[in-house]
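**Student:** Dumping the structure here so I can ask a few things about it.
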Amino acid sequence: MPKNSKVTQREHSNEHVTESVADLLALEEPVDYKQSVLNVAGEAGGKQKAAEEELDAEDRPAWNSKLQYILAQIGFSVGLGNIWRFPYLCQKNGGGAYLVPYLVLLIIIGIPLFFLELAVGQRIRRGSIGVWHYVCPRLGGIGFSSCIVCLFVGLYYNVIIGWSVFYFFKSFQYPLPWSECPVSRNGTVAVVEAECEKSSATTYFWYREALDISNSISESGGLNWKMTLCLLVAWSIVGMAVVKGIQSSGKVMYFSSLFPYVVLACFLVRGLLLRGAIDGILHMFTPKLDKMLDPQVWREAATQVFFALGLGFGGVIAFSSYNKQDNNCHFDAALVSFINFFTSVLATLVVFAVLGFKANIMNEKCVVENAEKILGYLNNDVLSRALIPSHVNFSHLTTKDYAEMYKVIKTVKEDHFSALGLDPCLLEDELDKSVQGTGLAFIAFTEAMTHFPASPFWSVMFFLMLINLGLGSMIGTMAGITTPIIDTFKVPKEMFTVGCCVFAFFVGLLFVQRSGNYFVTMFDDYSATLPLTVIVILENVAVAWIYGTKKFMQELTEMLGFQPYRFYFYMWKFVSPLCMAVLTTASIIQLGVTPPGYSAWIREEAAERYLYFPNWAMAILITLIVVAVLPIPVVFVLRHFHLLSDGSNTLSVSYKKGRMMKDISNLEENDETRFILSKVPSEAPSPMPTHRSYLGPGSTSPLETSGNPNGRYGSGYLLAGTPESEL
């Protein structure tokens, strides 16, 4: 045998040897296939499995423990939206009535698709780009779209963490800086800031001291230097948490995922002890059944399910790709979904308890102010004292006494009642006042905390909880960007991660202008929602209709060791895609009927006003949506017309001392050796050719036999022309 032969290299060198499969078939010397990943004898013994696990261990990091992984998934799915978006939607959409559409959509869409993403990530052990390239090369653009959506969300999401950082540092003082309106002196006269006096101390602090907001999105107003520094701190924290991949982010999750539950439990106990807390909770669980029939409620519930579980972002796939193949992802899907829903309900209980307390305070304030008006009318003989019930004591006026007095005056002065300017001061009206999104945390909650004993302590705990919740979600969002890019393009992990954070910080300066909050609304409400829905639908279609639901269920049975419930088959195949198609159509119609807009804070009026986006902002919004979904049709067209290779027409084998590893290299598409594929899915970007034919959901590979020893194939060879994959 020649000294320079490849077999000689294989026997006497520890270096990797790469040769074409044609040379391998012509074998200069027999290869010990029992020690090879390509186990021709089809043995199901421990050597082959050990070789596969060894290859995976060499090439991909893994979670240190199952607990670390579960906490990572919980940290990603449980975020700021659970604290303010879910309670706001409950308040806006009929309290307990909103829980019905949310639970229904969670069961028929959320959990099945969450399980699907966990399964494909764990089986293929790649990020979103590699996974969807693997499942269906023509729909490989899904992974790129997921990365873009993650980028959009990460840009504004970290701005919210920056806001929380600002409030966190401002909380270390007593009294809290948003507890009272600022007073300026004009000589000997103390003058309260007019904008604050017209609104409230917490509202003024949020819009003027924190955001220093402009009157519209068209008025930039320059950078807010305080928020710019906070954004830099936020990106520095995220960068340090994710720079080493799961080695660093996994450890951070122990604190960032568990600490919020400690704070929520403390707030729940404290909230239930507040006066009026029960009123708020009863209001929450008093359903308005007419809301259940509103299509808008169902559309918003579906959007919340997507955001709550992190569907379509790629973070779920990225985290699960670091699991072992035999991990029970079916249990993980149910557990994380339950914890996510439990957290939303827990946060809603806390919020409504605090809002009940705040509503009682505001209602009492309303009673005092209107009682002073009535006393003035009595002193000026505008009203007769005969109208006031004898038991009413103005020095200790209760809401019940005021309601009785209000009713009498309204009945007697029916024709001139409106001129008196009296308010009914109903508790229900205060509870129905919905505070949207960030306003719930930075206005309603902060105002309630000013009435807490030891208010700085509670404020510090609350905003530290928000920072941790945001950090957990940002780690998953960054994983949705970095993992698929690193897997696909093999870029240096640390350098690329730091580069992403630096780039995102500079682009994020858009959101720390004085008009930045309006851009946050644009990105949050519109730019990510529609592309995310499209991505989730196509993920479902790629697995259920192109790869095949029955075949996918067979793969899951092999991977998990048991067959998942048939419930998932029907959800993936029929129910989920149909529901999502209807909801997407409704969203597009809603977008056309109601032009996009935002709530602007008008300084002179000290009030919010709903404004429509100007034409240039609409152009940006449409561009963002198009950019997010553009990779999907582009990749489809390129691969349909064979302008972009899917990697299935090239194959070679690398090995080291009897151990063979699959590698994609140069080989013609029609080469006979194209029929050989390794059984290590983590080693190949895509084993499926573009021209493969789909044999149907119940079909099997021509090479499958009933008597094979490993339960799959009679040999280690896999026919690449079939739709079977290592998914």
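Glycine is treated like the rest: Cβ placed from N, Cα and C.
Just so you know, TrEMBL annotations never went through curation; they're auto-generated.
Sharing the features that TrEMBL gives for it:
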TRANSMEM  69-87  transmembrane segment
TRANSMEM  99-120  transmembrane segment
TRANSMEM  141-169  transmembrane segment
TRANSMEM  225-246  transmembrane segment
TRANSMEM  258-278  transmembrane segment
TRANSMEM  301-322  transmembrane segment
TRANSMEM  334-355  transmembrane segment
TRANSMEM  457-483  transmembrane segment
TRANSMEM  495-514  transmembrane segment
TRANSMEM  526-547  transmembrane segment
TRANSMEM  567-593  transmembrane segment
TRANSMEM  613-638  transmembrane segment
REGION    680-727  region 'Disordered'
COMPBIAS  698-709  compositional bias 'Polar residues'
**Student:** Hey, would you say the transmembrane segment (99-120) packs against the transmembrane segment (495-514), going by three or more CB pairs under 8 A that are 6+ residues apart?
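**Tutor:** Counting Cβ pairs under 8 Å, fewer than 3, so no.
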**Student:** So, does the transmembrane segment (69-87) come close enough to the transmembrane segment (301-322) to give 3+ Cβ pairs below 8 Å, pairs being at least 6 apart in sequence?
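**Tutor:** The answer is yes, given that the two segments have at least 3 Cβ pairs within the 8 Å cut-off.
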**Student:** Under 8 angstroms, Cβ to Cβ: which one of 69-87, 141-169, 457-483, 495-514, 567-593 has the largest number of such pairs with the transmembrane segment (526-547)?
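**Tutor:** Most contacts with the transmembrane segment (526-547): 567-593.
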**Student:** Verify whether three or more Cβ pairs under 8 angstroms connect the transmembrane segment (457-483) with the transmembrane segment (613-638), leaving out any pair fewer than 6 apart in sequence.
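**Tutor:** Contact between the transmembrane segment (613-638) and the transmembrane segment (457-483): absent.
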**Student:** By Cβ distance under 8 Å, which residues at least 6 away from the ends of the transmembrane segment (141-169) in the same chain are close to it?
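**Tutor:** Those are 80, 127-133, 210, 226-227, 230-231, 233-235, 237-238, 312-315, 438, 442, 446, 459-460, 463-464, 466-467, 470-471, 473-474, 477-478, 480-481, 484-485, 504, 507-508, 510-512, 516, 519-520, 523-524, 527-528, 531-532, 534-535, 538-539, 542, 624, 627-636, in sequence order.
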**Student:** Considering only Cβ pairs under 8 Å, which range in 69-87, 225-246, 334-355, 457-483, 567-593 makes the most contacts with the transmembrane segment (495-514)?
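**Tutor:** Result: 225-246.
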**Student:** If I count Cβ-Cβ pairs under 8 A between the transmembrane segment (225-246) and each of 69-87, 334-355, 457-483, 567-593, which range comes out on top?
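**Tutor:** Ranked by Cβ pairs under 8 Å, first place goes to 457-483.
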**Student:** In the same chain, who gets a Cβ under 8 Å from the transmembrane segment (334-355) while lying at least 6 residues past its ends?
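**Tutor:** For the transmembrane segment (334-355), the far contacts come to 70, 73-74, 77-78, 82-84, 86-87, 90-91, 99, 103, 106, 110-111, 114-115, 261, 264, 267-268, 271-272, 274, 277, 280-281, 283-284, 308-309, 431, 440, 444-445, 448.
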**Student:** Could you tell me what the rest of the chain brings near the transmembrane segment (457-483), counting residues at least six beyond its ends with Cβ under 8 Å?
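**Tutor:** Distal contacts: 72-80, 82-83, 127-128, 146-147, 150-151, 153-154, 157-158, 160-161, 164-165, 167-168, 171-172, 176, 234, 237-238, 241-242, 245, 249, 252-253, 255-257, 259-260, 263-264, 266-267, 270, 310, 313-319, 321, 441, 445-446, 449, 493, 496-497, 500.
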**Student:** Near the transmembrane segment (69-87), which residues from the same chain, at least 6 beyond its ends, have a CB less than 8 A from one of its CBs?
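**Tutor:** Sequence-distant neighbours of the transmembrane segment (69-87): 63, 157, 160, 246, 249-250, 253-254, 256-258, 260, 304, 307-310, 315-316, 319-320, 322-323, 327, 332, 335-336, 339-340, 343-344, 347-348, 351-352, 437-438, 440-441, 465-466, 469-473, 475-477, 479.
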